[in-house]
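Asker: Just passing along the structure, written as structure tokens.
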Ligand code: SF4
Ligand code: SF4
């Protein structure tokens, strides 16, 4: 391994890290702005122009709040909880291909941090780890409400991970590859996007992504409004901030994942017919990819300010009795279609 | 027996398939919120933007001066008497020699206080005053931290002196 390669990757990691944090920061503002607009009001607009400085003020406020660790809490685990949450949220974006190759001089720079050939499995592993952050935090608080919130969160995540995995299996049957780079590269242009081949799979995946990110209508782990908060009841100051932050980062990463699995990632219509240079296509592709991600984030928020929360039994019913059978049916259907296509139309 | 026709029998039908999969309802809800997203926002951003008041809006009181800049109030106490909320208190004093340019009548209010937390802005004081000395023509009473700060004395109530000669030049 050469030094330039390491440096190149480090720069890329740094840029992605900063961009992720920026997007997560401004998601908090966007969330409140969108909530405002959907409820016919402005949302925060006092800090800076249009409230641009609001996230900074919130962050600053979090740092100055008193740091409370409950007397009965398990101190190490109490601190470990939010740490795990934020670390897993940050490292899950490592396998996402942000763009094609960039040609600088005679160097080709791949805009993906790690081209793991089982990229999707890596994603799932990391996302599954995220629930430990919540679980540990809830348990270490030594508070029965936190513990209950954590259990709610854990069982929800586990239930929806199954349906999510099953919906991905159908997708993998179409793409024949586990590498995210490969999957995105296959979807060049517009008609090759996986959403056309897997509409049902996409819907299942999206519903599960909502549940995994603990977003409304599946935000039972938090329940700000009626159930004492959930797993982060005992958290204060920046530790609470980290939990919230990791939620927004998760939202960003799952938007990126949805965009790259089903909506062609950095591909955009007519990308090869416009006669642009390769670098230009790459840069445009990155821009397009981010537009797609932002649209998904907007969708997440749009849903949040539209729907009420599920009851817990409804949540479980939906997960186990609707999504899992649907996902299995989707796999079977995909198999049948692939078989028909391969025998008669190839 | 049914006295009104407002009674509604609620039947609990089992949910239809469309209701059970939630999606039609969700799409409907999303359309509604999206419509609101693009609606004009009725909020008035207060300190920068003040909404138009009606002409007879009753706001904070002001104690008026006459055309020579003298206080009109003669401390007759009719306003305090008419006040249904008992918000007005005052102390009367006699005008001394050489104070004719300050007070119009021989008797004046040395202390005049309105408790803005009691006042209900009914305007009866304005109606009762024989000297046309008090009007509720000010803006809103602003917020404050302590109760005692809501008792407005003459410093806040009396109109600033208005020099008519300067206006002409
Ligand atoms: S407006 Fe009404 S309540 Fe207020 S001081 Fe005058 S008389 Fe009293
Ligand atoms: S404000 Fe008018 S009514 Fe009240 S004490 Fe003065 S003169 Fe009398």
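Glycine is no exception: its Cβ is also placed from the backbone N, Cα and C atoms.
TrEMBL: automatically predicted annotations, no manual curation.
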Asker: Using TrEMBL as the reference, determine which range in A:141-159, A:160-178 is annotated transmembrane segment.
Answerer: A:160-178
Asker: Can you tell me which parts of the same chain pack against the transmembrane segment (A:190-211), counting only residues 6+ beyond its ends and a CB-CB cutoff under 8 A?
Answerer: 156-157, 159-161, 163-164, 166-168, 170-171, 174-175, 183, 217-218, 254, 257-258, 261-264, 267-270, 300, 303, 315, 318-319, 323, 326-327, 330, 333-334
Asker: Against which stretches of its own chain does the transmembrane segment (A:6-29) lie, if we need a Cβ under 8 Å and a gap of at least six residues from its ends?
Answerer: 44, 51-52, 54-55, 58-59, 90, 93-94, 98, 107, 109, 111, 113, 244-245, 248-249, 251-253, 293, 297, 301
Asker: Rank A:77-99, A:160-178, A:248-268 by Cβ pairs under 8 Å to the transmembrane segment (A:323-340) and hand me the top one.
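Answerer: Ranked by Cβ pairs under 8 Å, first place goes to A:160-178.
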